[in-house]
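J.: According to Swiss-Prot, the protein has these features:
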- 173-187: compositional bias 'Pro residues' (COMPBIAS)
- C59-C107: disulfide bond (DISULFID)
- C73-C122: disulfide bond (DISULFID)
- C76-C160: disulfide bond (DISULFID)
- C84-C138: disulfide bond (DISULFID)
- C88-C140: disulfide bond (DISULFID)
- C143-C150: disulfide bond (DISULFID)
- N63: N-linked glycosylation site (CARBOHYD)
- N80: N-linked glycosylation site (CARBOHYD)
- 161-187: region 'Disordered' (REGION)
Amino acid sequence: MSTFPVLAEDIPLRERHVKGRVDPHFRAPKMEMFQRLLLLLLLSMGGTWASKEPLRPRCRPINATLAVEKEGCPVCITVNTTICAGYCPTMTRVLQGVLPALPQVVCNYRDVRFESIRLPGCPRGVNPVVSYAVALSCQCALCRRSTTDCGGPKDHPLTCDDPRFQDSSSSKAPPPSLPSPSRLPGP
């Protein structure tokens, strides 16, 4: 199937006028195609820009500092680890009362390794070893209550639960009289 070029004579005279006279170089069909291509390009780039990292970071391992304490030990320390955090695509129904709720996915651990540290200053009879998770990879999935705290964030996730260790400073380092925690070799 061949296409025929559109000539200026085929376009109505009122569309070919420029400041009251006929433009002999009028190219409306090509300009319209250029505008469509430009619009398509801008729309496709807009979708790309909206999904870039700074705007909505996806579920992935990130560095985090967590407070570690153990009942019976007089110390609360912080450890650097990786946790799973970020956005997962979710949907909700407009008519929630009529239709059942959709399952919501959250950022979960996919592969995890556990590391252990020895808390300093624990009295005899209290095991000083504490283990914590290190996220190797993450995934968006239903919340597994067996391995994940599905509730909202704690008011102060980097603080210790024991009121003796809660103070106005953000430092959770062990007291200077106690040695630093020692890392134990992984399994």
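Each residue, glycine too, has its Cβ placed from N, Cα and C.
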J.: Tell me which of the recorded positions N63, C88, C138, C140 ends up closest to C122 (disulfide bond) in space, Cα to Cα.
T.: N63
J.: Name the one residue among C73, C76, N80, C138 whose Cα is closest in three-dimensional space to that of C107 (disulfide bond); these are the recorded positions.
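T.: Closest by Cα distance to C107 (disulfide bond) among the recorded positions C73, C76, N80, C138: C138.
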J.: Roughly how many angstrom lie between the C-alpha atoms of C73 (disulfide bond) and C160 (disulfide bond)?
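T.: With distance taken Cα to Cα, C160 (disulfide bond) is 12 Å from C73 (disulfide bond).
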J.: So among C59, C76, C84, all listed as disulfide-bonded residues, which is physically nearest to C140 (disulfide bond)? Use the C-alpha atoms.
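T.: Given the candidates C59, C76, C84, the nearest one is C59.
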J.: Is it possible to get the count of other C-beta atoms within 10 angstroms of the C-beta of C122 (disulfide bond)?
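T.: The Cβ of C122 (disulfide bond) has 18 Cβ neighbours within 10 Å.
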J.: Measuring Cα to Cα, how many Å separate C143 (disulfide bond) from C88 (disulfide bond)?
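T.: Answer for this pair: 12 Å between alpha carbons.
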J.: Just to verify a number: CA distance, C138 (disulfide bond) to N63 (N-linked glycosylation site), in angstrom, no decimals.
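T.: Here the two Cα atoms are 13 Å apart.
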J.: Specify the secondary structure state of C140 (disulfide bond) as given by DSSP, simplified to three classes.
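T.: DSSP call for C140 (disulfide bond): strand.
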J.: Which one is it: of the disulfide-bonded residues C107, C160, which Cβ has the fewest other Cβ atoms within 10 Å in this structure?
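T.: Candidates: the disulfide-bonded residues C107, C160. Fewest Cβ atoms within 10 Å: C160.
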J.: When a 10 Å sphere is centred on the Cβ of C73 (disulfide bond), how many other Cβ atoms does it contain?
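T.: Neighbour count, Cβ to Cβ under the 10 Å cut-off: 19.
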J.: How many Å separate the Cα atoms of C76 (disulfide bond) and N63 (N-linked glycosylation site)?
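T.: Just about 20 Å between their Cα atoms.
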J.: I'd like to know which of these disulfide-bonded residues, C59, C88, C138, C140, is least surrounded, judged by other CB atoms within 10 A.
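T.: Sparsest of the disulfide-bonded residues C59, C88, C138, C140 by Cβ contacts within 10 Å: C88.
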